[in-house]
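Read the structure below first, then the notes.
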Amino acid sequence: MSDTETPAGAAGSRGPAGADGADGLTGAAVAARATARPGTPGRTDAADTPGAPDRRTPPGAVATVVATVVAAVAGGAATLVLWYLLKTTHFPSFNASFVSKALATATLCVVVVVTAGLLHLRAHPTWRPATDRGRRVLRAVTEAAAHLAPAGLVVGALGLPLSASRLYLGGISVDQAFRTQFLTRMADTPGYADMAYPGQPSFYPGLWFFTGGLFSRVTGLAGWAVFQPWALVTLAAAGCALVPVWRRITGSFTVATAAATVTTAVVLFIAPGEPYAAVVGMGVPAALVLGRRGLHGGRFALLGVTVFLGLSANLYTLFTGVTALTLIAMALAAAVGGRTLAPLWRLVAAGVGSGVLALVGWAPYLYRVLTSPTGVSGRAQHYLPLEGTELPTPFFAAPLLAILGAVCVIWLIVRSRSGTARALTWGLLASYVWVVLSMLMTVTGTTLLGFRMGLPIAAILGVGGVMAVVDARSVGLRRLYPQVMTPRWAHVTNRVLTVVAVVAALSFVVQIPWHQRDEIDRAYTDVDGDGVRADQFPADDTVYYKDVDAEILAHRPDRTGTVVLSDEQSFMAYYPYHAYQAMTAHYANPLGQFDARNSEIESWTGITDPDRLRAAMDAATADKGWAGPDALVLRGSLTGLDRDGYGRPDPGTTFSYRMADDIYPNNPNVRFRTVAFHAEAFATGWSLREVGPFVVAVRTD
């Protein structure tokens, strides 16, 4: 089959939204489906999306799986190599110079223009090399460039702007402290362990952090230092893996490349700060389409969505849940409309399979929940920012998103009989329903974190917009204006639309670094685990963390298993000590009894006698099963210091500790207040050393 195969909608084709009203397959595919036995996959895995100049029979199932794995590995490896090369440069910081922004813009332009140019050469015979060897080389180069284009976007949009810093977007501020702490834990002890509390299984999906911990061990990077490269690698790998997946779905290499690169660009623009959530959000549109086809008999599609749900449940459960609910709705609609239970049985099969995969990560926590005598007290959903009170409208975030969103909505209505359009419509509606339900849940004292749904909504609109543009380019204008759109004018119009699309894509992707500038700036203004501020300004108290760590290690040679009570979030994120108390309630393990621990800590602040303080800590361990603090890192000062900073507490003085309280539904949802320990309570049974503004108390009895 040549690369200039007749596109869908031309003579002999059923068009992008065939009259069968389901998948809009080509005439041959419809015939194949018609002759297939009821309940068999037939051709439901064939392309049902708009035609393109290079549309052809989709690759086989095995070929798609192999291509997906190869693309992901190649994209991740290429990104890692480029990341290492960027770390050998000496570019100025992003917040102090426009050099890295200029380089990022140039890189993104090259990625978009080269990819588009090669795809154009591939699709138009008049521009191809004359020899077979030249055509084979062009095909190989085009395949490589298209599959690696998402990785190029990741490196250009984030890798270059972050090249002079060792921190990722957001630095170590706010939520990134929790994520860094989790990654540090997995780098130290890969497994199911909670990031903070010793002896507890993790409540948060840990696949991204677990694999990041393994990556840390392979590369020799510290847990905190691996955050940036691992985020870039996984974002790139996920984006590149979408090319073979969409190629299988659409049957068009050009459409697949466009869908994958647009999805990657949209995710980088909307929410790249949570890479483990971003990689799931990238796959939601494809999962919806595969899910619908699977429910209608596509075995490979059903297997694909099963694997997606199982893996995503171990990455970011919110998106998994909404996707699963969408599939349930589609299955019910298919069962009622077709008067058959087959879609429901397929749904059950997908649910069981994905559930088994999900239990790989969730089983330890669920088992502990079922056997815990104290129950759970989670606060993860106690968050209602302003965005949580509004319907997500990512299409207003940038002109290109607005255009894609508008044409997507129009296309979903016009092509409502197309299987792909129906799947994306179900996903869009389910996402917005979830957002509204989240708002309604506030009357019960919680939320469904609806504000997070902006990412999958944007991804769905982006992919739908691509399908709409390709549809219009291929057949739409000729159907609307058959007398005007002669073959010559259709050819000219297609060229114009292609150029406009490339220019629009360029204008969008070059905005990504500037759109993320606040998060990039934090990567330069925050102090990393080595006590270095990347913009070369003086560092804060983080510079003392190495000495604090050395003091604890002098008495407790193994960080793992050593429990520290401290309000220094960055210290707990950079060093793999276990925490007596988590950073905040909404990131605390529900099994850890956050509020009860707060009350216990506050009760200690009223004790002045050293023996009573240690006895109270031991009693909490005996009664509640909490491992007591082996060390405390508090703010204060000592008296009678020797040259190494060791001293004794000054009676009448205090050591301060900042406590976090959950004050939902207020916004912010966390209140920090300072409580004070009596210094004389540490007079005996503790080794005391003053390190900068900190007093490090290590238990010695």
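Using the three backbone atoms N, Cα and C, a Cβ is placed for every residue, glycine included.
Note that the structure is predicted; figures quoted are calculated from it, not measured.
Listed in TrEMBL for this protein:
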type	residues	note
REGION	1-59	region 'Disordered'
COMPBIAS	1-43	compositional bias 'Low complexity'
TRANSMEM	61-86	transmembrane segment
DOMAIN	69-504	domain 'Arabinofuranosyltransferase AftA N-terminal'
TRANSMEM	98-119	transmembrane segment
TRANSMEM	140-160	transmembrane segment
TRANSMEM	221-246	transmembrane segment
TRANSMEM	253-270	transmembrane segment
TRANSMEM	325-342	transmembrane segment
TRANSMEM	347-367	transmembrane segment
TRANSMEM	395-414	transmembrane segment
TRANSMEM	426-449	transmembrane segment
TRANSMEM	455-475	transmembrane segment
TRANSMEM	496-514	transmembrane segment
DOMAIN	512-699	domain 'Arabinofuranosyltransferase AftA C-terminal'
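Within the same chain, the transmembrane segment (455-475) packs against the transmembrane segment (395-414): three or more Cβ pairs sit under 8 Å, each pair at least 6 residues apart. When Cβ-Cβ distances under 8 Å to the transmembrane segment (426-449) are tallied for each of 325-342, 347-367, 395-414, the top count falls to 325-342. Ranked by Cβ pairs under 8 Å to the transmembrane segment (395-414), the stretches 98-119, 140-160, 221-246, 253-270 are led by 253-270.
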